Every structure is written in C-alpha cells, then in structure tokens.
C-alpha cells in the first residue's frame with residue numbers, strides 16, 4: 001500500500017475526512033473552558049484540549065470500528081469502512097489506537113493530577129462504549145457520558161476542581177448528545193434491526209420524535225441553568241434562542257423518518273453547538 005493510499009485509509013478510519021464528530025465534541029469543551037475561566041481560558045490548557053479532542057475522537061472512531069467490524073459490512077452506511085472492507089488489519093488499527101491514546105495521555109500529563117485521573121476514566125469509557133450496542137438498547141445514553149467527559153476535565157484543568165456549574169453543562173450536553181445521536185441512529189435503524197445492533201432509535205420506536213424532543217427540551221433547560229449559574233447575559237440568551245431554532249428545524253427534518261433528512265438533522269447539530277459557543281463567547285467579550 002503506497003503512502004497516499006495508506007493516508008486515505010487512515011483518514012477514513014479516524015474520520016479526519018468527516019469532522020462533524022470532532023466539532024460536536026469541541027463546542028461543549030470550549031464552552032466548559034470559557035465558563036471555568038470566566039472568559040478566555042489559559043492558552044496552554046486551550047491548545048491541549050483542542051488537540052486532545054481531535055485525537056480522542058479519532059481513538060473513539062477506531063475502537064468503534066474495531067468493535068463493529070463484523071457487523072458494519074451488513075449496514076449500508078458503514079460497509080465501506082476500512083476494517084469492515086478489509087483495507088486495514090485489526091492489528092494495525094489497534095496499534096494506531098494505542099499510539100493515539102498514549103499521545104492524548106501524554107498531553108494530559110502536562111496538566112494537574114485531577115485532570116490525569118479524570119482522563120483515565122475517559123479512556124476507559126471510550127473503550128467500553130462501542131460494546132454497549134450489543135448489550136443495551138440505550139448506547140446513546142452511554143455515549144452521552146463519553147462525549148460529555150471533557151467538561152469536568154476542562155473545569156479541573158482550569159480551576160483544579162469540578163463545581164456544580166460544570167455538572168449543569170455536563171447534563172445539558174448529555175441530553176443533547178442522546179437527542180442528536182438518536183437522529184443518527186434513525187438513519188441505520190432498518191439495518192441495525194437486521195444485524196442485532198441496539199439503539200435508542202429502536203427502543204423509542206414510533207415515539208422517537210417525541211422523546212428526542214423531550215431530550216432537546218431537557219438540554220435547553222440545563223444549558224440555561226449552566227448560563228444562569230455563571231451569571232451569563234443577553235448574548236448567551238441569543239445563543240440559546242438560536243439553539244432552539246435549530247432544534248425546531250431538526251424536528252421538521254426527522255418528521256417522516258427518512259434516512260437522508262435524519263442524517264441532515266444530525267449534521268445540523270454542529271450549527272446548534274456553534275450558536276451556543278458563539279453566544280457564550282460574545283457574552284464574555286462584549
């Protein structure tokens with residue numbers, strides 16, 4: 001395999017070619033750093049967390065594809081993934097996972113002891129998540145914990161502690177993650193039923209849109225609580241209102257439960273997260 005071909009395989013394995021997951025991880029992480037710092041976070045901490053988010057998202061994709069390698073070939077959206085298609089060996093994928101994981105851990109060692117301890121838990125959660133799809137109908141709820149774990153880590157890095165304010169943001173992001181990843185699971189629902197992969201899209205059944213809406217409302221309430229506990233003002237409120245607008249649009253997209261619109265609704269959450277981040281940043285700057 002030549003270098004260009006290997007890069008193509010690695011970029012698809014780690015989803016470098018599809019940054020949506022990285023962005024969905026990044027917005028709440030940056031919000032946590034800003035809230036913890038009361039504005040602009042420490043530059044060293046900021047750089048470490050941005051790089052760490054990119055690396056850990058890649059790690060999560062690798063271990064997810066490793067866990068699903070025997071099933072992905074039966075799912076329309078995933079059958080061309082490198083492990084499922086045999087373009088890369090499981091050994092090579094696991095070696096890359098270890099290298100990236102150690103790189104992320106090396107970055108964390110530049111921070112305080114509490115962050116290091118939390119990072120160990122985060123790595124364990126990342127490894128466990130893909131296998132929850134085999135044993136529970138609620139893997140999205142476990143994913144919500146994994147994808148929110150950078151929030152207490154960000155507070156710990158910036159302040160040396162994890163106050164109640166952090167857990168409001170954690171709860172908001174957990175609810176939001178369950179909502180948008182259920183939209184994502186709606187895309188694969190028919191294939192997942194055939195191969196035995198479990199998801200909240202299957203669990204919620206005909207009430208999927210309504211329950212997603214409840215999680216969106218819960219996320220909204222917790223985002224408001226996080227802002228209130230940090231004394232945020234009008235511009236953050238405008239970010240919240242924009243988030244509501246995007247959430248409403250997503251409900252319209254998933255109304256008929258068709259694959260393409262459901263995937264579009266999932267992707268639209270990037271803009272919802274960006275709106276919250278920009279609103280919070282503007283509230284501190286202006």
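Cβ from N, Cα, C; glycine included.
Summarising the annotation, Swiss-Prot assigns transmembrane segment to 21-40 (among others).
According to Swiss-Prot, the transmembrane segment annotation covers 95-115 (among others), on the basis of sequence analysis.
Residues or ranges marked as transmembrane segment by Swiss-Prot: 142-162 (among others). Remote same-chain partners of the transmembrane segment (142-162), defined as residues 6 or more beyond its termini with a Cβ less than 8 Å from a stretch Cβ, comprise 24-25, 28-29, 32-33, 35-37, 41-42, 45, 48-49, 52-53, 60, 111-112, 114-115, 118-119, 121-122, 125-126, 128-129, 132, 136, 169-170, 173-175, 177-178, 181.
Under the heading transmembrane segment, Swiss-Prot lists 167-187 (among others), citing sequence analysis as support.
Annotation source Swiss-Prot lists transmembrane segment at 210-230 (among others), citing sequence analysis.
Annotation source Swiss-Prot lists transmembrane segment at 235-255 (among others), citing sequence analysis. For the transmembrane segment (235-255), the list of distant contacts is 179-180, 183, 186, 208-209, 212-213, 216, 220, 223-224, 227, 261-262, 264-265, 268-269, 271-272, 275-280, 282-283, 286: same-chain residues at least six beyond its ends, Cβ to Cβ under 8 Å.
If you look up Swiss-Prot, you'll see 266-286 (among others) marked as transmembrane segment.
Among the recorded stretches 21-40, 167-187, 266-286, the one sharing the largest number of Cβ pairs closer than 8 Å with the transmembrane segment (210-230) is 167-187.
Scored by C-beta pairs under 8 angstroms, the transmembrane segment (21-40) has its highest count with 266-286, from the stretches 95-115, 167-187, 266-286. Residues 10, 13-14, 44-45, 48, 51-52, 55-56, 58-59, 62-63, 66, 123, 153, 156-157, 160-162 of the same chain lie 6 or more positions beyond the ends of the transmembrane segment (95-115) yet place their CB under 8 Å from a CB of it.
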